[in-house]
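See structure below.
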């Protein structure tokens, strides 16, 4: 049975795949990206080739190369590198899973196939089981994101008896707003040491109350430090301060969501905040507009998110 070297917990950055202006992967900045996450954001776990990383817009060869680069550059700097290996093809998922094991990744994650969909728990489990078996020494995580996959099988149902079918199962990335489903996942698996990683950044504090052990998200690339401060306040049981941090983070997310927010805009914000060029997204996504970037920068400044200083009381309490 596969056990992680230590339980995956805390913040996990869903990494962006940097690209050049002509749409090729820019491997040259990944080392700098690792250092930025660790030193500036205090984030030492990553989730590679997921939604934020445009994993399903990359070729299998590219996904392998990206995974290798993150593992190599993260050696002795990152705590855990989780590789998303989900694909529409079982064979491709198995190939990516085996490759992740070969390069020394710390775990693999898989979404449900979303074109020819599994409509029952048993069918989905059978698919996941075959992928997990391709990397029997690696911890396996299910990536639950029904809004994108269209697979509406509840995570609570999926987890019931899952270790009997997938002995390497170690947890899930829960990217849905259904806190009833999430809460029941936690409540019904208290005897297990599963990692319950919440994937809706703007609702993280609610998930922590429900028992989340960590979080995977795109905003932890550039708001990791602020979110870590929220986690620290929560651990100290300073719930008022934790709530203020969450509200402040929500102000920014609410602002950009109203402008139109996705992978393209995440790349633009990360470039702005980190100073590392993330480049454009790959088609069919379009590059974020200059108007969006300018508006996002102004909002970040108004919330003091570009200074990397502690939030002031006035900044916490005032709706900017």
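Every residue gets a Cβ built from N, Cα and C, even glycine.
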Note: Swiss-Prot has 51, 52, 175, 199, 201, 202 binding aceneuramate, and from 59, 61, 218 that site also includes 218
One finds that other Cβ atoms within 10 Å of the Cβ of residue 199 (aceneuramate binding site) number exactly 27
Given the aceneuramate site 51, 52, 175, 199, 201, 202, 218, its other Cβ neighbours within 8 Å of the Cβ centroid, in chain order, are 14, 200, 216, 217, 219
Residue 202 (aceneuramate binding site) has its Cβ surrounded, within 10 angstroms, by a count of other Cβ atoms equal to 18
Given the binding-site residues 51, 52, 218, the candidate whose Cβ has the fewest other Cβ atoms within 10 Å is 51
Largest C-alpha distance in Å for the aceneuramate site residues 51, 52, 175, 199, 201, 202, 218, as a whole number, is 17
